Amino acid sequence: MAFLPSVAVTRTPKSESEFRKYSTSFLPSEKSPSVSYQRSTQLDGVSEARCLDFREALSLIREGTKVESAFYVPILQECIDKKLVSDAQKIHAHIVKTGAHKDAFLMTFLVNVYAKCGTMETARKVFDELPRRNVVSWTTLMTGYVHDSKPELAVQVFREMLEAGAYPTNYTLGTALSASSDLYSKELGKQIHGYSIKYRIEFDASIGNSLCSLYSKCGSLECAVKAFRRIRDKNVISWTTVISAWGDNGEAATGLQFFVEMLSECVEPNEFTLTSALSLCCVMQSLDIGTQIHSLTIKLGFESNLPIKNSIMYLYLKCGWIHEAKKLFDEMESISLVTWNAMIAGHARMMDFTKDDLAAHQCGTEALSIFLKLNRSGMKPDLFTFSSVLSVCSSLVALEQGEQVHAQTIKTGFLSDVVVGTALVNMYNKCGSIERASKAFVEMSTRTLISWTSMITGYAQNGQPQQALLLFEDMRLAGVRPNKITFVGVLSACSHAGMVDEALDYFQMMKNEYKITPVMDHYACLIDMFVRLGRLDEAFDFIKEMDLEPNEFIWSILIAGCRSQGKLELGFYAAEQLLKLKPKDTETYNLLLNMYLSAGKWKEVSRVRKMMKEVKLGRLKDWTWISIKDKIYSFKRKARSHAQSGEMYELLGNLHEKAKSFGYEWEESLELTDEEEDADEEKASSSIVYHSEKLAIAFGLLNTSNAVPIRVTKSISMCRDCHNFIRVISLLSAREIIIRDSKRLHKFINGHCSCGDFGTLI
């Protein structure tokens, strides 16, 4: 980053009045003279420029009629308002032809015209040919570069200006600060800040606002707040900037406190202030404050303001007020694409915050329904729409809908966008279609770290660890630096493949070569690997060497492994460590109860039951969903209300009998479920054959062709019996069966599972 020349801090203006002599009202950011331009200019004694229609005035110029300089200003302003570059060029030619180009004000205004129309190369040429340059012309060019997303050129012009001995106004410095902010250059901003202090204009609102924004973007929240505090006459922009600064730096609560302080100072918020405050409420999921701001927007007359309504609607969605959000949506007279996107994204995000998987599934289904309505409305989705919908399809394992969205992205041209392409890769991975995910990844014109990581993780989850590791090496050769999430995928691949030495090498590479501090997920992958290989002693030894205290997931893996291999003493030790963490998950307690009940440890059983009552945990909610022909069907354990339940139960009975000839034996499981009538006693289920995933798979076998893979989503982990049974079903039916449960992806093909049969440990 280039720093300011020494002239910026050593040269002193002849007088302070000279420094301030250019009023910001004459700068090109303000609305320049338009058709109502007050200087009347006679044209052959017939008409004034302000009375002429734009096309009439333009036709006179085309005829070569000579006019005074002031005549050009209103029609050039029209070129700015309507982005008429070609007409501006014609007027420019006339100016040169008639000799009016000697007028410094007119040519400076022409620089402004080209800058506002986005033709900065031409603006620079006109600037270079100016007969005289003043602070307005320098600032105009700088502003044009900032608006054209070329902040580095704006800084270069600022340097040239200072070296030429020109003195900036507060607006010039504000523009330079905006450029510094776009470049995230705190050092350059501090130099400009020092310049503003030297000439005692730091208190100016435009300077203070720009400083506050700059320091906020550079992560210096304390400096941002100090800059705000030094502003003498704080306006609504000042308050909005500092409120946003708190939010952007992870201090949403303080941002709302500043919003309250602003109101107490009797400063009336504008739409940007209100949307900023509402976004902070979203971060905090604060309905109380959000509803008060909603009332305030109505009081101030913003009830029909679309950005504000979108913000309120999104807040309600995120906080679970679906009815209120839908009411706002239905009341909108005109629905913009932003509104549609807010509804879809809001429902998509709610899937992560709902109380259970059933509610999350309902939110996802509603998001897909809204997307369908958007398409029927005739409005075209954009990349934000597609990325949100693809994430929903991923969560629902809704491959058919995902394929339709894929086709739509191709048709609309959004497939080339890296965000959409990455979302597509992730969707196919989550749906167990690794071949299509790989094809989508290869076809991406640009790949980001997220793209590479998603594909590596996809290979690992779909039981192709060697491909995952090869792709990781390709990524390194491509010069892409992996992050901690990438290494989770790599270590997971090693775990699936049982590659202990390679896993430990990658673990050391992560720490030593890439200086990444291990997190719990990295340790979990390695412990998962040792447990899969039956090397429990090494798993426990590895725990002792960890820099972090093991979490619930790690102790659960160990308990499952110990129980499977009959090492109950180690399992009881792991169970005690798990209970010390006071877990909040029903599945975790179900795992403990299974172990203690099977070992006849009734005292521990009573203790676990008591803990469950203390934390007010409900019973397991065993739900499974399957998507067929754009419709999603849900099943719960032992359900008999479905129209095809008779056929489903008959098919499962036949498959159960056939499976016995392949060595399958029904395995008893002790569990707490939401359907059991006795709240105080855990019993072996006499109808384990009718767990929800079995019913969903039976429904899929009855309602899809033989060539179609069956994809289902389950709210909890599969039990050992279901895993063994479905593995045999995949062989009997010659069908590919994909199940995403609460822990992992299971892809059953010809009697084998992608998890390496680790599901049998549960």
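Quick reminder: no glycine exception, Cβ is built from N, Cα and C everywhere.
Whatever TrEMBL says is automated annotation, not expert-curated.
The average pLDDT the prediction assigns to the repeat 'PPR' (134-168) is 91. The feature repeat 'PPR' is assigned by TrEMBL to 134-168 (among others).
For 235-269 (among others), the entry in TrEMBL reads repeat 'PPR'. Beyond its flanks by at least six residues, the repeat 'PPR' (235-269) meets 205, 208-209, 212-213, 215-217, 219, 221, 224-225, 228, 276-277, 279-281, 283-284, 286, 289, 296, 300 of its own chain at Cβ-Cβ distances under 8 Å.
Annotation comment: TrEMBL describes 448-482 (among others) as repeat 'PPR'. If you look at the repeat 'PPR' (448-482), the same-chain residues 6 or more away from its ends with a CB under 8 A from one of its CBs are 418, 421-422, 425-426, 428-429, 432, 434, 437-438, 441, 488-490, 492-494, 496-497, 499, 502, 510, 514, 744-745, 747, 753-756.
Under DSSP, residues within the repeat 'PPR' (483-513) fall into helix, strand and coil as 27 helix, 0 strand, 4 coil. Under the heading repeat 'PPR', TrEMBL lists 483-513 (among others).
Applying DSSP to the repeat 'PPR' (585-619) sorts its residues as follows: 26 helix, 0 strand, 9 coil. According to TrEMBL, the repeat 'PPR' annotation covers 585-619 (among others).
TrEMBL lists 677-758 with the feature domain 'DYW'.
Remark: secondary structure over the domain 'DYW' (677-758) totals 29 helix, 18 strand, 35 coil, with classes taken from DSSP. Using DSSP to sort the residues of the repeat 'PPR' (235-269) gives these counts of helix, strand and coil: 26 helix, 0 strand, 9 coil.
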